[in-house]
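Colleague: This is the structure I want to talk about, given as structure tokens.
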Amino acid sequence: MRSGLLSPGLLRDVAFAIAALALLLVLPMAFPAPALRDFLIYFFAYGLLAMSLNLLVGLTGLVSFGHAAYFATGAYAFGLLMQTGRVSIPLAMLAAVGGTALVALVIGAICVRLKEIYFSFITLAFQMFIHSVIVTWVSLTGGDQGLRGGIPRPPILGLDLNDARVLYGACAAVFVLCILAMRQVSQSPFGYTLRMIRDNPARANFLGVDVTAMKLGIFVFAAAMASVGGLILALFVSGAYPEFAFWTTSGEAIFMIMLGGTTIFLGPLVGTLLLQTLNHFVTIYTEHHGLVLGTVILVIVLGLRRGLADVVYDWLQGRRTTRPNTPAGPTPEGAEPAPLPDGALKSRIV
Amino acid sequence: MLRVEHLSKSFGGVCASRDVSIDFPTGSLTAIIGPNGAGKTTFFNLISGHVRPDEGRVVFDGADIVGLSSLEVVRRGMARAFQVASLFPSLTVREALTAAVVSHRRGSARVFTRFPVAAAGRQADEIMDLMGLSPKAKVVSANLSHGDQKLLDIGLALAMDPKMLLLDEPTAGMGPEERWRMIGKVHSLWQVTGMTMLFIEHDMDIVFKIAQTIHVLKYGAVLAQGNPEEIRRNKDVIDAYLGTDHRLSETVGEA
């Protein structure tokens, strides 16, 4: 374990994370429009949702249609805890993430036994169940009005989160930490076991892999990471709404993955950025933003047939292989270390 | 090492295995032959825990393993390779073997270390050396040639440090030259590791050349067993493989 902590791969990722965090912190200083900060906080929240969903879809081959359930669970648990006024923000965060993990453990224990489309549908069913609970349990959740009354932001260690810049910085730090955690998991022996399961679960089982337990493990971890996205959003908008748990939120997360790509680790973030930018600008110019979004998605799906990040990555790989004398430098940050195979594999989810 | 007693299994009305009793001593190299549909692969599925027999016992390393899941059977030391190479298409040879070794060492759930773990990687390298896959270490499994895919399939089974290795048609789909190279590798593997090995094979020349003992299956039952010399002379086996016509002509000729 100790040697693993010192491995060059991790050091490289940590260095990249620090650089990314620095960039995220400098960005609003360079362009001090509040709209950019708000945009980025939304990006953090939905980015974590999409990235964690891709741990299931891209890494393990589990297509979950109900991932937003845990996004909402995190948001509501955090909001409710903060409204009691008795817990600090870090404690409420830990409790919300832990609570979501427990919920996911129970739901996942049922879901991961099912395969393919049945898995997708039962995750959707549980999501609608959680959505109904939120809408009908008015005394606790405020029903379809959402969690009202605001979420207080007591200072942590002298940091006043009511200051928009401090709030932004805290969200950015949490976001980068979570991405780093997901990167570590995807590059760990566990992550490679999940790749085996994605490629060939029957053979993985014949090689002594407890497929059900591994799937449950990643299901719970992905749910926990999604809940962090939810609580960032709750903290920012100072409330939580049933739409967080609605199937359209899960659908958006799947769109983000499809737009960005499943094979590159950071692909879903590219998709999140793309979808959000589209959303942002299209709604300014037209009421029919659904129509425009749908068209763009159609063009990408039909034209590229895979995510944008995948296309760019393959293009870079292609350029590298056409120059055979170039030493194989470090792979682009966030990319899979293995070169992508040609032909047959391009169409499949790697 | 492995003893099968009165093993029976039917699928609907088809009897895929009927009252099969075979003993496989420790360190032996045994071949299972038989015409198509004789129940050879079913026999493998029954002993490796993939399919549960209707009747009979499978005693492996002193314990009855009927009813254990294929996962538990693997963990007791019986590994198998498949007729159609069953691989992880998007992983490279080295990644796949290392992941298999990690699984065998119960390290699959580790999240705080980085893949590949050094110790597991070394064992994967040894397996690659043994199977002659070292030059292909960084090739993605889907892009391997057919022969290399079969070698990797066996390599994955070897990552389980098995006491007993089941090979389902190691030479399936290969040209004559490739077959001999493959079976040479299997034979040397047996000599080097001293494992108990059991393989299914169609090519008679190969079987007679390397197997110590041969069991012939037909319609799910054991038709004959013995060393290559005995099997070669066995009338029933000749009938099963060449049909009964040739003997008819023989008897007609005699009459």
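Cβ atoms here come from the backbone N, Cα and C positions, even for glycine.
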Colleague: Name the residue range among A:119-140, A:141-162 that TrEMBL annotates as transmembrane segment.
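Modeller: Within the set A:119-140, A:141-162, TrEMBL attaches transmembrane segment to A:119-140.
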Colleague: For which of the residue intervals A:8-33, A:216-241 does TrEMBL record transmembrane segment?
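Modeller: It is A:216-241 that TrEMBL annotates as transmembrane segment.
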Colleague: Can you name the far-off residues of the same chain, 6+ from the ends of the transmembrane segment (A:166-186), with a Cβ under 8 Å from a Cβ of it?
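Modeller: Tertiary neighbours of the transmembrane segment (A:166-186) are 10, 13-14, 17, 20-21, 24-25, 28, 37, 40-41, 44, 47-48, 51-52, 55, 59, 93, 153, 156, 159-160, 194, 218, 221, 225, 228, 232, 235-236, 265-266, 269, 334.
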Colleague: Between the stretches A:42-63, A:91-112, A:119-140, A:216-241, which wins on the count of C-beta pairs under 8 angstroms to the transmembrane segment (A:253-278)?
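Modeller: Answer is A:42-63, with the largest number of Cβ pairs below 8 Å.
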Colleague: At a C-beta cut-off of under 8 Å, are there same-chain residues at least 6 beyond the transmembrane segment (A:91-112) that contact it? List them, or none.
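Modeller: Answer is 62, 64, 69-70, 73-74, 77-78, 81-82, 119, 122-123, 126, 174, 212, 215-216, 219-224, 226-228, 231.
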Colleague: Counting only residues 6+ away from its ends, which parts of the chain sit with a Cβ under 8 Å from the transmembrane segment (A:216-241)?
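Modeller: For the transmembrane segment (A:216-241), the far contacts come to 38, 41-42, 44-49, 51-53, 55-56, 59-60, 62, 64, 67-79, 89, 93, 96-98, 100-101, 103-105, 108-109, 111-112, 141, 146-148, 150-151, 153, 161, 167, 171, 174-175, 178, 181-182, 185, 190, 194.
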